[in-house]
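These features come from Swiss-Prot:
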type: BINDING; residues: Glu40, Gly45, Ser441; note: Na(+) binding site
type: BINDING; residues: His61, His378; note: Fe(II)-heme a binding site
type: BINDING; residues: His240, His290, His291; note: Cu cation binding site
type: BINDING; residues: Tyr244; note: O2 binding site
type: BINDING; residues: His368, Asp369; note: Mg(2+) binding site
type: BINDING; residues: His376; note: heme a3 binding site
type: TOPO_DOM; residues: 1-11; note: topological domain 'Mitochondrial matrix'
type: TOPO_DOM; residues: 41-50; note: topological domain 'Mitochondrial intermembrane'
type: TOPO_DOM; residues: 87-94; note: topological domain 'Mitochondrial matrix'
type: TOPO_DOM; residues: 118-140; note: topological domain 'Mitochondrial intermembrane'
type: TOPO_DOM; residues: 171-182; note: topological domain 'Mitochondrial matrix'
type: TOPO_DOM; residues: 213-227; note: topological domain 'Mitochondrial intermembrane'
type: TOPO_DOM; residues: 262-269; note: topological domain 'Mitochondrial matrix'
type: TOPO_DOM; residues: 287-298; note: topological domain 'Mitochondrial intermembrane'
type: TOPO_DOM; residues: 328-335; note: topological domain 'Mitochondrial matrix'
type: TOPO_DOM; residues: 358-370; note: topological domain 'Mitochondrial intermembrane'
type: TOPO_DOM; residues: 401-406; note: topological domain 'Mitochondrial matrix'
type: TOPO_DOM; residues: 434-446; note: topological domain 'Mitochondrial intermembrane'
type: TOPO_DOM; residues: 479-516; note: topological domain 'Mitochondrial matrix'
type: TRANSMEM; residues: 12-40; note: transmembrane segment
type: TRANSMEM; residues: 51-86; note: transmembrane segment
type: TRANSMEM; residues: 95-117; note: transmembrane segment
type: TRANSMEM; residues: 141-170; note: transmembrane segment
type: TRANSMEM; residues: 183-212; note: transmembrane segment
type: TRANSMEM; residues: 228-261; note: transmembrane segment
type: TRANSMEM; residues: 270-286; note: transmembrane segment
type: TRANSMEM; residues: 299-327; note: transmembrane segment
type: TRANSMEM; residues: 336-357; note: transmembrane segment
type: TRANSMEM; residues: 371-400; note: transmembrane segment
type: TRANSMEM; residues: 407-433; note: transmembrane segment
type: TRANSMEM; residues: 447-478; note: transmembrane segment
Amino acid sequence: MFMNRWLFSTNHKDIGTLYLLFGAWAGMVGTGLSLLIRAELGQPGTLIGDDQVYNVLVTAHAFVMIFFMVMPIMIGGFGNWLVPLMIGAPDMAFPRMNNMSFWLLPPSFLLLMASSMVEAGAGTGWTVYPPLAGNLAHAGASVDLTIFSLHLAGVSSILGAINFITTIINMKPPAMTQYQTPLFVWSVLVTAVLLLLSLPVLAAGITMLLTDRNLNTTFFDPAGGGDPILYQHLFWFFGHPEVYILILPGFGMISHIVTYYSGKKEPFGYMGMVWAMVSIGFLGFIVWAHHMFTVGMDVDTRAYFTSATMIIAIPTGVKVFSWLATLHGGNIKWSPALMWALGFIFLFTVGGLTGIVLANSSLDIVLHDTYYVVAHFHYVLSMGAVFAIMGGFVHWFPLFSGYTLNTTWAKIHFMIMFVGVNLTFFPQHFLGLSGMPRRYSDYPDAYTTWNTISSMGSFISLTAVMLMIFIIWEAFTSKREVLAVDLTSTNLEWLNGCPPPYHTFEEPAFVNPKWS
């Protein structure tokens, strides 16, 4: 019975729960890696004593957080749980493929861990650029294991993407148009299309790297007529859509949270929100070389990528101001979920502004590979994606579990986390502006103060993570059951009770076609 339910599951709710648990666990691993990094950088001089090991930590931290924490939780966890409920579908379109998508992740994670256990580990950075990732600078199986890990995670995501696209397009009630689906459903749809179009390019790139390493091909080796810059183009053609994949489901969740706790029945500017997400998805594919301003592109190429990158700020601004407009005039309920959402809006905007700075190719030549870039993407990930995940978690936890969190503890948790992440990453802007480079385990004494403060912030965030574990434990032991949920008329996922029955919508949902 246990095996049938959890190993061979075809139920979107159970698979969503598996994704959430796996992502939470991987998040702990990724947090551990980040704390080792910050411990090393807490003061000048060496702690770990081996720069290869330091770079392995940095690489593993990135891979774990991206592929095994943010994506499984946002797309696999929230996506699986909420999309079928929100469109009135009995399950996902391909329930067994859904199960396979999940079970490809633990082996993938195992391969990534194995890569750091053999030889010297993969100290390449998450970009895995050759020639550093080639078989001279990284002899041994480490990088090969990392590549296989990425292949499995990629297959998992591609299958999941096919599943979500099919489900969202095909499994709505006949009377429901695409423009009647909630914004979270749209965000998952756009995310799935991005995954489907970008991951095969990554697969091609890392497969060529694999053959360069093992079969003497020279795709990325100038000695045989190859070009390492080709790898960078292939990688970033995936890598840039990937960062939008990481944030788009968060956009969808924030729209729901802001609308709900503003007491509104719908978000401000639904169509604008939808097309902003679609625009972001499209533009995400035509700006990749802004990660490569320092490789010596023509000035006109740099001008194009600078301009195109800045254009993304427009649909993003549409979303930010629509969230603020949704809040405007609302009957605001100061719940922990809304606090996460407001934190998201502010900090994501700050991260977006530093992104506009980096979009300027002339400035980026100077700032590339400094801590300014680290600060930028951690503002949009560690305070964008993660805040969205936390907001979504405290908002939908009663739906998933049937129990309510202790609101006071949840607010305290938010405050500690808010202080921790800002103390960690705000000083890194200063470090970058004064020229401290990324991916080094040591630094000149001049950078000591801000690094020490940054490392202190990371340990404050650690206490927040530990408090979160306590809060979840407290909810499950106190067993405060959900009595009623407001605004179910425009929040369909709550309609079946908390938690919903194992099978929902066993007969087709009724949709009033006169809805406008």
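If you go along the chain as it appears here, the first residue is 1 and each next one adds 1.
Each residue, glycine too, has its Cβ placed from N, Cα and C.
Locations of recorded Swiss-Prot features on the structure.
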| residue | record | Cβ contacts under 8 Å, 6 or more apart |
| --- | --- | --- |
| Gly45 | Na(+) binding site | Asp442 |
| His61 | Fe(II)-heme a binding site | Gly30, Leu33, Ser34, Ile37 |
| His240 | Cu cation binding site | Gly284, Phe285, Val287, Trp288, His290, His291 |
| Tyr244 | O2 binding site | Thr191, Leu194, Ile280, Gly281, Gly284 |
| His368 | Mg(2+) binding site | Phe293, Thr294 |
| Asp369 | Mg(2+) binding site | Thr294, Pro437, Arg438, Arg439 |
| His378 | Fe(II)-heme a binding site | Gly351, Val421, Thr424, Phe425, Gln428 |
| Ser441 | Na(+) binding site | Glu40, Leu41, Thr46, Ile48, Asp51, Tyr54, Asn55 |
Shell of the Na(+) site beyond Glu40, Gly45, Ser441, same chain only (C-beta within 8 angstroms of their C-beta centre): Leu41, Pro44, Thr46, Leu47, Ile48, Gly49, Tyr54, Asp442
Leading stretch by Cβ pairs under 8 Å, where the reference is the transmembrane segment (270-286) and the options are 51-86, 183-212, 228-261, 299-327: 299-327
Residues within 8 Å of the His240, His290, His291 Cβ centre (excluding the Cu cation site residues themselves): Trp236, Gly239, Val287, Trp288, Ala289, Met292, Phe305, Thr309
Overall pLDDT of the topological domain 'Mitochondrial matrix' (479-516), taken as the mean: 88
Chain-internal residues near the residue listed as 'heme a3 binding site', provided their CB is under 8 angstroms and they sit 6+ positions away: Gly351, Thr354, Gly355, Val357, Leu358
Local Cβ density at His290 (Cu cation binding site) - other Cβ atoms counted within 10 Å: 22
Surrounding residues of the transmembrane segment (228-261) on its own chain - C-beta under 8 Å, 6+ positions past either end: 66, 70-71, 74-75, 78-79, 127-131, 182-188, 190-191, 194-195, 197-199, 201-202, 204-205, 208-209, 219-222, 267, 273, 277, 280-281, 284-285, 287-292, 295, 319, 323, 326-327, 330, 332-335, 337-338, 340-341, 344-345, 348, 377, 380-381, 384-385, 387-389, 391-392, 395, 486-487, 490-491
Long-range Cβ neighbours of the topological domain 'Mitochondrial matrix' (87-94) (under 8 Å; 6 or more residues past either end): 10-12, 80, 162-164, 166-168, 170-173, 176, 181, 185, 492, 503-506, 508-509, 511
Beyond the flanks of the topological domain 'Mitochondrial matrix' (401-406) by 6 or more, those residues with Cβ under 8 Å of it: 336, 394, 471-472, 474-476, 478-482, 498-499
Number of Cβ atoms other than its own within 10 Å, given for Glu40 (Na(+) binding site): 23
Long-range environment of the topological domain 'Mitochondrial intermembrane' (434-446) - Cβ separation under 8 angstroms, sequence gap at least 6: 40-41, 44-46, 48, 51, 54-55, 58, 125, 369-371, 373-374
Stretch in 51-86, 141-170, 447-478 most in contact with the transmembrane segment (183-212), if contact is a CB pair under 8 A: 141-170
Spatial neighbours of the topological domain 'Mitochondrial matrix' (1-11) far in sequence, C-beta under 8 Å, 6+ residues away: 18, 91, 95-96, 98-99, 103, 502-503
Number of helical, extended and coil residues in the topological domain 'Mitochondrial intermembrane' (41-50), per DSSP: 1 helix, 0 strand, 9 coil
Top partner of the transmembrane segment (407-433) among 51-86, 141-170, 447-478 - counted as Cβ pairs under 8 Å: 447-478
Number of other Cβ atoms within 10 Å of the Cβ of His291 (Cu cation binding site) across all protein chains: 22
